[in-house]
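The FAD binding site annotation in Swiss-Prot covers 51, 52, 53, 54, 68, 69, 70, 75, 76, and the record cites sequence analysis as its basis. The [2Fe-2S] cluster binding site annotation in Swiss-Prot covers 220, 225, 228, 243. The feature domain 'FAD-binding FR-type' is assigned by Swiss-Prot to 2-100.
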């Protein structure tokens with residue numbers, strides 16, 4: 001159930017150039033699931049629209065969650081100035097999240113993340129690892145300075161890293177690794193830039209458990225304004241809203 005809450009800032013640090021990890025504390029954490037996002041109000045009077053930021057990790061015991069975001073404009077730049085003890089007006093948790101049901105030690109799962117789309121996969125990896133699921137993760141970044149969460153994800157399984165310029169890991173994009181993987185995966189979870197999502201959507205089009213977590217500009221965040229709609233294959237009238245029906249969609253169910 002979506003709620004409004006004033007959450008407390010526990011900590012914040014810059015983990016890569018213009019990329020920040022923000023730790024929030026509040027009752028809302030108890031309702032959070034992997035793959036959901038929060039809609040944050042910018043703490044000033046000039047920015048009316050909330051900013052959607054995906055949940056990176058969830059600590060229900062301490063009622064804390066981690067958000068990782070990149071400065072994209074004035075709103076997120078203001079978020080980066082927050083420090084311990086500050087508060088944020090938060091709406092959430094929002095979205096359907098990833099379906100992790102019925103996976104156990106007999107299963108093998110592929111996680112694919114690119115750039116600022118990597119953070120929501122951290123909670124997925126953690127929860128799957130706790131169930132004994134074998135996790136293989138493929139990450140794509142522009143260059144070595146943009147690499148995030150590789151060490152954290154390596155706690156939960158094998159991690160491959162690609163960079164566009166070859167400055168870290170394997171040169172190229174995630175397809176270089178995925179096309180060479182011999183393993184069969186029981187589920188695929190992904191989040192990244194539009195080009196990466198199109199590749200995953202096509203490559204795993206007929207996979208019964210392949211999922212895309214999609215990013216979109218949002219206004220209301222409640223499904224009422226239809227600012228974040230996606231078309232559905234073979235339909236001129238039906239659409240899906242990223243904020244309300246997503247952000248997670250099965251491959252082949254939306255047009256990218």
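Each Cβ is built from the backbone N, Cα and C atoms, and glycine gets one as well.
Fewest Cβ neighbours within 10 Å among the binding-site residues 51, 70: this applies to 70. Same-chain neighbours of the FAD site beyond 51, 52, 53, 54, 68, 69, 70, 75, 76, judged by a C-beta within 8 angstroms of the site's C-beta center, are, in sequence order, 40, 67, 72, 79, 116. Of all Cα pairs drawn from 51, 52, 53, 54, 68, 69, 70, 75, 76, which the record names as binding FAD, the longest spans 16 Å. Under 8 Å, Cβ to Cβ, and six or more positions away along its own chain, residue 53 (FAD binding site) finds 22, 37, 38, 40, 67, 68, 69.
In the structure as shown, the Cβ atom of residue 68 (FAD binding site) sits within 10 Å of 22 other Cβ atoms. Cβ neighbour count for residue 76 (FAD binding site): 17 (other Cβ atoms within 10 Å of its Cβ, all protein chains included). This prediction places the mean pLDDT of the domain 'FAD-binding FR-type' (2-100) at 96.
Counted with DSSP, the domain 'FAD-binding FR-type' (2-100) comes out as 11 helix, 49 strand, 39 coil.
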